[in-house]
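Visitor: Encoded as structure tokens, here's the structure I'll be asking about.
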Ligand SMILES: Nc1ncnc2c1ncn2[C@@H]1O[C@H](COP(=O)(O)OP(=O)(O)OP(=O)(O)O)[C@@H](O)[C@H]1O
């Protein structure tokens, strides 16, 4: 326990006594909730029994009414169960902060306790703990002692914070108390960051920093782009922002209205716990490949992003690099747009038509056809027929006979120069004079880099059907890995608010990495914010990573640990020996996760063979993986994106492995996954990217 003045133990005793009082009140509320739950369960049981025993005497309508009543009781029970869950969590840790705030209109200050959930003592009619998202709770995040202000629903409230305290209460015990005005360094944050990892992302409500809080509570920007260095909390903040918006707009926004585009299933699982922990329902997530498949109505088979990266890393083919660089450029999008305009014009050659001896001019058909760009071809022709028929009716006072209507449809269909999407797209490269830039991926599949350009073309020429029209807020993580064409498609499909986050230094494919400026082209009204403080890795790890990929704006947190080690190995067998001894050291430590990160999937499989006999519980992550558990994890740098581990070993960082700019980014990603310890091995000469880092 840590307090400031001489009366520390009095303060401590008072806080301890208050904690006990709050716990008693929570306990009492819990008893009430338990009782209500039992009552609901009994009620449902009784109603079911009644329905069963009286079913022969009931008519159809009575049975429906009885079933509805059972459902209603069950739903009410679920609601109470959610409250029970929240109260149980509060019982273990009711709050983490206290501010004594005196508003200008009040005579004295009132203590405001801030926790993960709200607790209203119904018996006393009093708010005991405020939800961290409540307007008054913003005082805790935004101010130290002194003048302060918060935005209440009825207007701004000015006043003064007379006292501010932070607590760590775990398992119902007050473990730490800090008088904030005295401690300049945030000890609670330091202590939190020093803890061992979990297999899932944690909530950070107790230690949200001021700049992070401003992003979380930004409810005005329709599209918010968060650019942040590795470990700056971008993903955490995006999820806390969702929790905040769900709270702030609870009457109009629900978890079903939110969608997260995430890089892979392991990452999706890794973050899936955060919103439920914050008392919200989990939200749906989707990968770009699934989205693409939906938008193309499942009509094309294509390579996955992961396979494209693997091809790039394992074959290192110059032609592939050129294709990806071009398709990832803003110029490509512009040219594709030009091409779409031309195809659109040529695709439909309207002609004058005589139908039932009535004249229909080409310009009218052309205008009508162009108006319905968003419809699929079949529906579009149908719609044109309907409208032309109406015009004939108005102008000539004549209703077409079925046979004449068929004739009109055939004539209009004949004006369309039909072509498959694939060949229209392929011809784009002929039009450009660069046919070599279109190259299928083999086995009848398209290259991943061609998928979104094809969707873009489809969108422009035929229109696409999206299942996600209901989405009101879209979260896009790892924004740097999506190209301008992908953003152009996303901007059309999701006409909703967005949180877009990423870091240009972590682009897995530097051929087509996208920054905030480029994203703003697709979303002109977007605002962007920067986060430069890095929280995940120790100071020493971050300094090491900085030498691989320097960023003068990055500010590592002052949390010290062991310096990273670079281990030279004589050969592959020696490397395997070194890795085994590092695994043994990890097993004997207090840490929970160790990741061995390889450059390619092939290398990861080779390491798996060398290590599984020594450590059978080894988990290798690949595109099929859905999650990981604490223990030893083997994966590529690409798979490790967005994840974090207590310890990381980057294997075989040799001169013949890590060569290009892309390798530098991957090495940077790999190193910045480590929270507490980092080691790198190499066989023969080390990569030139390590030359600076190891000095
Ligand atoms: N205010 C905070 N309090 C406590 N922990 C924090 C805070 N901000 C960030 N962290 C921790 O820092 C780590 C990195 O957070 P997160 O994964 O959200 O960062 P990121 O910017 O998305 O990282 P990257 O781009 O490197 O994947 C997590 O362990 C997170 O809990």
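The chain as shown is numbered from 1 upward.
Even glycines carry a Cβ here, placed using N, Cα and C.
TrEMBL does not curate its annotations; it predicts them automatically.
These numbers come from a predicted model, not from an experiment.
Summarising the annotation, TrEMBL assigns ATP binding site to 228, 229, 230, 231, 232, 233, 234, 235. The domain 'UvrD-like helicase ATP-binding' annotation in TrEMBL covers 207-538.
Describe the structural context of these features.
Guide: In the three-state DSSP classification, residue 235 (ATP binding site) falls within a helix. In sequence order, 201, 271, 477, 501, 642 make up the list of same-chain residues 6 or more apart from residue 235 (ATP binding site) whose Cβ falls under 8 Å from its Cβ.
For the domain 'UvrD-like helicase ATP-binding' (207-538), the model's pLDDT averages out at 92.
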Visitor: If I restrict to non-local contacts, at least six residues apart, and a C-beta distance under 8 angstroms, what lies near residue 231 (ATP binding site) in its own chain?
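Guide: Spatial neighbours, sequence-distant, of residue 231 (ATP binding site): 534, 535, 536, 537, 542, 644, 672.
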Visitor: Within the chain of residue 228 (ATP binding site), which residues six or more apart in sequence place their C-beta under 8 angstroms from its C-beta?
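Guide: For residue 228 (ATP binding site), the qualifying residues are 234, 501, 503, 530, 531, 532.
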Visitor: Quick one: among the binding-site residues 229, 230, which has the most Cβ atoms sitting within 10 Å of its own Cβ?
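Guide: When each Cβ's neighbours within 10 Å are tallied, 229 leads.
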Visitor: Excluding 228, 229, 230, 231, 232, 233, 234, 235 themselves, which residues in that chain have a Cβ inside 8 Å of the centre of the Cβ atoms defining the ATP site?
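Guide: Apart from the listed residues, the neighbours are 503, 531, 534, 535, 536.
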Visitor: List, in sequence order, the same-chain residues at least six positions removed whose CB sits under 8 Å from that of residue 233 (ATP binding site)?
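Guide: Same-chain residues close to residue 233 (ATP binding site) (Cβ under 8 Å, separated by 6 or more) are 204, 209, 212, 531, 535.
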